[in-house]
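Here it is: the structure, laid out below.
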Amino acid sequence: MNEIAFLDLNEISLQSLSPMLSMMVFALFILIVGAIKKDLSRNFYCVFCIIAIFVNLGITLDFNGLSLSFWDMLLVDGISIISQIIILIASALFIPLALSTKEYFEYKIYEYYALFLFMIAGFLFMVSSNNLLIIFLGLEISSLCLYTLIALHNKAKSVEAAIKYFAMGSLSAGFFAMAIAMFYLATNSIDIARIGVAIKDLSLNQNLIILLGCVFIASAIGFKLSLIPFHTWIPDVYEGSNAPLAGYMSIVPKVAGFIVALRIFAMLEGSGISWIKDMLYIIAVLTMSLANIMALVQKDVKRMLAFSSIAHAGVVLCALVANSHEANVALFFYWIMFLFANLGAFSMLWVARCDDVVCWDKRFKHPYEKFSGLIKILPSYAVIMGIFMIALAGIPPFSVFWGKMVLISSLIKSDYVVLSLIIMINSAIAIYYYLKLIVFMFLKEPIVKDKNIYISNVSMALKVIVGVAVAGTVFAFLFSGAILEFIEHFVFASGF
């Protein structure tokens, strides 16, 4: 007779679950309160979301040491803590953008804010597990919320974008589920560490099922990180989303996705599957190069920023190619530096949101011509947007430059000199399309003379967020050393 297996409830460990549980409790509270009292303003929901995020941040910072719980499915280590901090801070910076002067449909309904918190909980699950099933659960929670948030913009293009994202996301989920099945079939485990041990001990690195699992999981991750050739959904989805959500999508989901990729690809390389590194090398080069080339020919600034985010993802992927301690530190540092500049760029697009007067190409919301001669109409806007463009181009002394410098330094230490040169060449290409917007703002004649059209969506909340983004972008060199030490401590503690 088979022995009956008993589950030890002490393994649940509410402390490990507390970041995700608390976020879901806050989201449920919004749903209950919103259903009972329907006249609450978006100010209440935004402030409540920020409080929820900072409570969660406090819980995260309270962790001390490695913790493996929930029947070995939840992992709290340095990698998960630092990624949770980035996700929570980025979320806290983006949610106030809902407090624009114009009241858009999605920001007037309480479901938006509940879905936003549920989405964050999904990202936290993704980065806090070494178990493929829990990662898949977090991936689907966050993705389903994100599809809905995009559609809530209540525009034809938004619904189209949500459907496209849903279709691509469903394909990605299918690939991920197939990968889980393949790995379980070959190793009898869905735990990343145990899969790696089984592949190494049983010499399964040439096993057909394992190879298929690697292909499926690489494809799923490629979709989520918008790596070439899995990038085609990005420009249309960004264009159909409102600017704050597009900016959020360019950072937080990718941070969560890169943590999953870091854990999985490090395991596969360590278990003797050497071709993974070569595959990542090729994809990184293609993603950087082709995305930059496609960004050159864009006529809409938001679409340009979409391809720009793909190119930056290709740059960060180089850290996974090196797979060294320094490169892993550079991965986190790069996303923090990129956060400020990209937050600022998309915030400025949200400031310039104006549907009332259209005197440019009606196919696009943010064509380059919209910003023509802005230095003569609204000098402060032109200067601030110029700072963000220069920063994204990787020009010193602004934030992204320091991220690239640390990453390139780690690649050179790992003897990836050619890859470092490719990053530099692509950075030079990117300068063109970032400076193109600056040329329109500073050297072209204005099309619209009324500055109120450009600032009709401005609010105090937007000014504060833009101010934070400017400060983080311009003064990054002052705190970059402290951030690097902070990241290095957590990455070292995780053994990466």
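Along the chain as shown, residues are numbered 1 onward.
Here the Cβ of each residue, glycine as well, is placed from N, Cα and C on the backbone.
Pulled from Swiss-Prot, these are the listed features:
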type: TRANSMEM; residues: 16-36; note: transmembrane segment
type: TRANSMEM; residues: 79-99; note: transmembrane segment
type: TRANSMEM; residues: 116-136; note: transmembrane segment
type: TRANSMEM; residues: 166-186; note: transmembrane segment
type: TRANSMEM; residues: 208-228; note: transmembrane segment
type: TRANSMEM; residues: 245-267; note: transmembrane segment
type: TRANSMEM; residues: 278-298; note: transmembrane segment
type: TRANSMEM; residues: 304-324; note: transmembrane segment
type: TRANSMEM; residues: 331-351; note: transmembrane segment
type: TRANSMEM; residues: 382-402; note: transmembrane segment
type: TRANSMEM; residues: 422-442; note: transmembrane segment
type: TRANSMEM; residues: 464-484; note: transmembrane segment
Counting Cβ pairs under 8 Å that sit 6 or more residues apart, are there three or more between the transmembrane segment (278-298) and the transmembrane segment (331-351)?
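They are not in contact.
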Short question: most Cβ pairs under 8 Å with the transmembrane segment (304-324), which of 16-36, 245-267, 331-351, 464-484?
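Comparing 16-36, 245-267, 331-351, 464-484: 245-267 has the most Cβ pairs near the transmembrane segment (304-324).
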Quick one: do the transmembrane segment (16-36) and the transmembrane segment (116-136) reach 3+ CB pairs under 8 Å, ignoring pairs fewer than 6 apart in sequence?
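They do touch: at least three Cβ pairs between the two stretches lie under 8 Å.
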Check the transmembrane segment (79-99) against each of 166-186, 208-228, 245-267, 382-402 and return whichever range has the most CB pairs under 8 Å.
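Looking at each of 166-186, 208-228, 245-267, 382-402 in turn, the most contacts to the transmembrane segment (79-99) are made by 245-267.
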Are the transmembrane segment (166-186) and the transmembrane segment (245-267) near each other by the rule of at least 3 C-beta pairs under 8 angstroms (pairs 6 or more apart)?
no
Hey, which bits of the same chain come close to the transmembrane segment (464-484), Cβ under 8 Å, at least six residues off its ends?
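Here the qualifying positions are 93-94, 96-97, 329, 333, 336-337, 339-341, 343-344, 347-348, 351, 384, 387-388, 391, 397-399, 402, 406.
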